[in-house]
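**Student:** Per Swiss-Prot, the features are:
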type	residues	note
BINDING	Gly12, Thr13, Ser14, Met15, Asp16, Gly17, Val18, Asp19	ATP binding site
Amino acid sequence: MNNSYYVGLMSGTSMDGVDAVLVNFDGDQPSLIATHTEALPKALLSNLQKLCLPGNDEINRLGHLDRAMGKLFAKATNALLEKAGVDKSQVIAIGSHGQTVRHMPNLEMGFTLQIADPNTIAAETGIDVIADFRRKDIALGGQGAPLVPAFHQHVFANPNHQRIILNIGGIANVTYLPGNTQDVTGFDTGPGNGLSDAWIQHQLGQPFDKDGAWAASGTTDQKMLQHLLSHPYFALAAPKSTGRELFNQAWAEQQLSEFGHLSEADIQSTLLDLTCYSIANDALTLSDNGEMYVCGGGAYNCELMHRLRKLLPDYKVVTTSELGMDPQWVEGIAFAWLAMRHHNGLPGNLPAVTGASREAILGSFHPAD
């Protein structure tokens with residue numbers, strides 16, 4: 001009986017569902033066995049979005065949502081194993097990222113907070129859970145993010161190719177994998193899908209801009225784009241990370257107040273270009289040319305991919321499918337990998353990426369028994 005399975009659970013800043021993956025790490029490369037996405041109920045999504053911003057009665061709401069998300073993550077796991085026909089006894093551990101509700105690493109006492117109670121997940125699945133991956137890195141002086149570059153290095157690095165792995169969720173991050181060297185770098189570039197998702201949700205009641213069609217129907221306002229790109233975050237040197245605390249709907253609306261003459265579609269186009277230009281500007285500081293492999297929800301946005309290719313004519317811009325990994329599941333597999341690293345007593349962070357003082361075993365262990 002194969003007993004080498006790990007489950008990875010991920011809900012990103014876009015909050016578009018809980019991604020669950022079943023992975024085997026016996027070979028040189030991870031083998032994806034099964035996948036499942038558990039939708040977030042509307043009421044739960046609304047409460048999570050509110051919790052991501054300062055408000056009243058936060059501790060009570062936090063405690064309730066921590067348990068509720070734990071139950072949802074457990075439900076996703078059980079559905080995944082049923083779909084795969086795999087018994088829980090065959091799973092070594094679950095690697096749960098949780099749901100980020102605060103990420104503020106640059107305070108004097110920096111912190112990050114993810115919810116989805118791992119004790120609840122362990123109790124309702126009967127499987128050991130490894131969670132809370134980010135806070136050890138912060139305790140060591142790091143940003144606690146991005147964590148996926150260590151995984152990207154493990155599975156995508158090639159000594160003969162200069163590669164950027166671009167993950168576009170609510171926030172976008174890059175991993176730079178230079179050929180013939182171990183000098184991997186990575187950081188959050190800024191907004192990914194988050195701002196354009198929020199705008200279309202607010203204006204049209206749609207969860208996201210499918211294929212970037214609404215953005216494509218508008219015209220980018222260059223004055224507004226330059227205003228958005230003047231945000232101090234874009235000028236920061238790595239290591240750096242960001243989140244909804246900085247780039248959120250309230251921030252966008254504050255910026256838009258100076259540009260009331262624009263159509264809704266023009267604003268959507270401009271928000272998409274903010275994502276594309278901030279990514280392209282950072283890519284060009286890393287290298288004039290190379291290969292860019294895109295994963296996350298943004299990989300399915302045709303207009304976004306088209307604009308990136310125009311901004312980076314000397315880059316080959318494709319999705320991670322060309323490297324044999326479905327763009328939707330890369331992050332989930334990464335957290336299954338981090339669970340495997342923890343289980344085997346191996347470090348999971350890259351200090352050159354996060355700014356931590358040293359490598360460390362990431363995550364806390366929550367036994368099923």
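We count from 1, first residue shown onward.
Cβ atoms are placed via backbone N, Cα and C, with glycine included.
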**Student:** Near the ATP site, what residues other than Gly12, Thr13, Ser14, Met15, Asp16, Gly17, Val18, Asp19 in the same chain have a C-beta no further than 8 Å from the centroid of the listed C-beta atoms?
**Tutor:** Met10, Ser11, Leu40, Gly169, Gly170, Gly297
**Student:** Long-range neighbours only, meaning 6 or more apart in sequence with Cβ under 8 Å: which ones does Val18 (ATP binding site) have?
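**Tutor:** Once residues fewer than 6 apart are set aside, Val18 (ATP binding site) is near Leu9, Met10, Ser11, Thr37, Glu38, Leu40, Leu72, Phe73, Ala76.
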**Student:** Within 10 Å of the Cβ of Gly17 (ATP binding site), how many other Cβ atoms can be counted across all chains shown?
**Tutor:** 18
**Student:** Just checking, which of Asp16, Asp19 (binding-site residues) has the fewest C-beta atoms within 10 Å of its C-beta?
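**Tutor:** Minimum Cβ neighbour count within 10 Å, taken over the binding-site residues Asp16, Asp19, occurs at Asp16.
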